[in-house]
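K.L.:
Got a structure here, written out as structure tokens. Questions coming.
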Amino acid sequence: MISRGVRLGSVFLSQGRRLFHSSLARNSTDHHAELLKTPLDKVRNIGIIAHIDAGKTTTTERMLYYSGVTGRIGNVDEGDTVTDYMSQEKDRGITIQSAAVTIPWNKHKINLIDTPGHADFTFEVIRSLRILDGAVTIMDAVAGVEAQTEKVWKQAKELNIPVVAYINKMDREGAGFGRTVKEIVSRLATRVVLVNVPYFVKDNSTGQMIFEGVIDVFDKKLLIWNNTDLGSDGSKVNVIDISNESEHPELYQQVLECREAAVEQLGEFDENVINSFLETEDYMEVPANTLKNALRQACISGFATPVLCGASFRNIGVQPLLDAVNDYLPSPLEISVPEVTSSSIHQTKTKKRKQLQASDTSLPVKMDNRVGLVVNNNLNLMTALAFKMISHPIRGIMVFVRVYSGKLQPNSTVLNSRTGEKVRIGKLLLMNADVPQEVKYLSSGSIGVITGTDQIVTGDTLIGHSLSKNTNQLSPKEQAAKLLPIKIPPPVFSVSIEPSTVSDNRKLTTCLDTLLKEDPSLHLSYDEDSGQNILSGMGELHLDITKDRLINDMKANAEVGEVRVTYKETITVPTGVFKSNTGDGFEVELSLESFEGPVEDLELPDEGVYYLEQDDNVVIVEPSSTPEPVRKALNAQIWSLPMSYETMINGILSGVNGALQVGGQRAKLPLHSIIVRIHKWTILTDANSISPLINSTRTTIMDALSSLDENSTTLLEPVMKVSVYVSDQDLGLVTQDLMSARNAKITGIDDEASTSNNESLIWAKEQAEKTYIPHDPTLMYMKTAQASGNKVVGAEAPLREMIGYLIKLRSLTRGRATYDMEYLGMERTAPDRLRKILDQ
Ligand SMILES: Nc1nc2c(ncn2[C@@H]2O[C@H](COP(=O)(O)OP(=O)(O)OP(=O)(O)O)[C@@H](O)[C@H]2O)c(=O)[nH]1
């Protein structure tokens, strides 16, 4: 144990340059010019992801302060942080929307996104992860690895995003660094390398261990913050060299053990580490740079996770975390390639992708392995992905984009490869939370904002030319390039929404339209029976915040009903082939069928498959259905018809979507899990409007649907994957309640550890056994969160039966058990449940 009174070394200022002391860098051209000049290898596009309340916003505030972007540290509990700037965020002390800030640190530019932790805002996390190159995951040292940590970790790993782990709240009673490290290995199934470990000092009067700093394993230094002489904002760090064993025997021993573990772990990955060790056979002599370089590559390739610790609220440990972002997370030049496709629809080849959702049936084209994509090696090709859109009361529509290659110029024209339309770009901005800076261009690797257009939605790919302000020089293949679209999770809760009076209708419609464009995880449908609009979202909190924004911020006069579960309809028998008879120049022959299980598991043909954005519906345009004139035009050198092929197909898809959203025969609910087959279509060669395509397709589907009687349709309801953390003594009661009162199917009862599959679970457990973990001097305190749970009950249950479950679970187990759940899919309801649901 280390007692107070170690000799203190020299005092130094934090490494960041204190550029701006009084406020955010408002319109500072110097600041902006400096950031724009940062070479790409010194740019980091990262996100902070974690379970709710782990300390993401608190840590981001310190990062902004130590780098000099802000002059004071904001506090979540007082509602004055930079990134939680929405009124709902300030009032509730939680992050709702991801905010982007730019942090200069040691000649690097860190573009950082603070994401929400609550499961209802998962879409915010998903869309942010899509455009990030790396992430910091923050854990609460008392709670350890929590449910949402596992979820966001999995999402990051699916996208090959390297992660640095930061164990926060080391100052709390019951904090366990070693225990949390072990959980990282066993639950997240990763190898770890400890970059720093906690340093405690015993308070002789209370006997308590006080967290005062961190031990830097590679540089063999002790960093102390909490010395009262040094002030308390944490910007000054006391650095003590601990490389001399006789001066600091205990600290030396601690570093030696950590270095031994690091050398052994990294040696498996990089032989430079082994060679360097063999030169002296002394773990303390392996140069810090050799270890850091190896860990950088190990982290980027997903071999191991660097782990650090701190207590952001107490201003301890944040500067080393910023260093770690620069040291271990990739620049835009080092990222794995975002998937790029060309949507030349007539040559489509469907790739079965778990993540795929939008109508993206496309041919992979040549990709550059550094900057995302270069079609035909055109280095001037600009590609950007729109990942977020907000409607600002003063600045108008703001579209957030990540540029993957080339340069995006203001006042230029780019192509939206989803719609095929040319889009006029206005000003370009860099954002620091809600403070904009106008810029002369956005270069590859940048995250910025486009203004002046409403022709872009979340998930669109923009294609342009870096040198020219128009799109004339782009080849057809380049024009059709697309980055993989962003998956939108299905909304499972709904509320009815009506204008308070007839005259409030127009304003309500406009406000809802804005909210839906901003947040694609919201969905609006119309219930013909009740004449009400139905707004659906990810959860009760999501809808509550939306209501708050609608009524309090946007001042819409509306009546919002109670939150209820979203149901869908599907057909149980296929329809015959139906032919349109609208006589408006477009004819179509189609049939409908349905499927069970996830859409990703469907065996589909190689060509002509389109996934609709909503409700897991699929359209198959049979290749033989293409009309002769269109086929001829596709094979010709120059396109000869007034409308492009993409536009025609989009017309058909809109018609399908429109009809399926109107609802089925049973309860007029939107249809789900439907396959629409287009057997034949014809179009006049001089047709130049898509309305007939939309109308004919729509009415033909409605005819097909109305040919089915009520008994040929059924309801689908959301089913959740539930994990209940419970002690042995409560196990029986909890499983009994799940099965009888909640209609749940028990899928397994395990020891508390929940990696996704057995193989990785076994690997992770073995790995955890052999991972070096420093002794926790705080182990005398019990872990409070989830302390009771040493069993995990896995179950699948209808969402409807899980509403209010926490209260029931707490009362069954006297507050000892906890649970979490995530959306599994829509399932057909059993006949007895169907009646019950319809009656209600
Ligand atoms: N004791 C202690 N409390 C902390 C620390 N860091 C954050 N907190 C507190 O934890 C609570 C949550 O902090 P936030 O920064 O809002 O956490 P978050 O992860 O951003 O939360 P969401 O965005 O809502 O998911 C606040 O009350 C903080 O003051 C820490 O190092 N020690």
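Placed from the backbone N, Cα and C atoms, the Cβ positions cover glycine too.
Quick caveat, the model's predicted, so the values are computed rather than measured.
What TrEMBL lists as domain 'Tr-type G' is 41-333. Positions annotated as GTP binding site by TrEMBL: 50-57, 114-118, 168-171. The annotation region 'Disordered' is assigned in TrEMBL to 341-361.
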K.L.:
Near ligand 1, which of the binding-site residues show up if the criterion is a Cβ under 6 Å from one of its atoms? Options: Asp53, Lys56, Met170.
P.N.:
Asp53, Lys56
K.L.:
Hey, of the binding-site residues listed (Asp53, Lys56), which one tops the CB count within 10 A?
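P.N.:
Max Cβ neighbours within 10 Å, all protein chains included: Lys56.
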K.L.:
Say we define neighbours as other CB atoms within 10 Å of the CB. Which of the binding-site residues His118, Met170 has the fewest?
P.N.:
His118
K.L.:
Over the domain 'Tr-type G' (41-333), work out the mean pLDDT and round it to an integer.
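P.N.:
Here the predicted model's pLDDT, averaged over the domain 'Tr-type G' (41-333), is 87.
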K.L.:
What count of other C-beta atoms do you get within 10 angstroms of the C-beta of Thr115 (GTP binding site), across all chains shown?
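P.N.:
Result for Thr115 (GTP binding site): 26 neighbouring Cβ atoms inside 10 Å.
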K.L.:
Starting from the Cβ of Ala50 (GTP binding site), draw a 10 Å sphere and report how many other Cβ atoms land inside it.
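P.N.:
Ala50 (GTP binding site) is surrounded by 28 other Cβ atoms within 10 Å.
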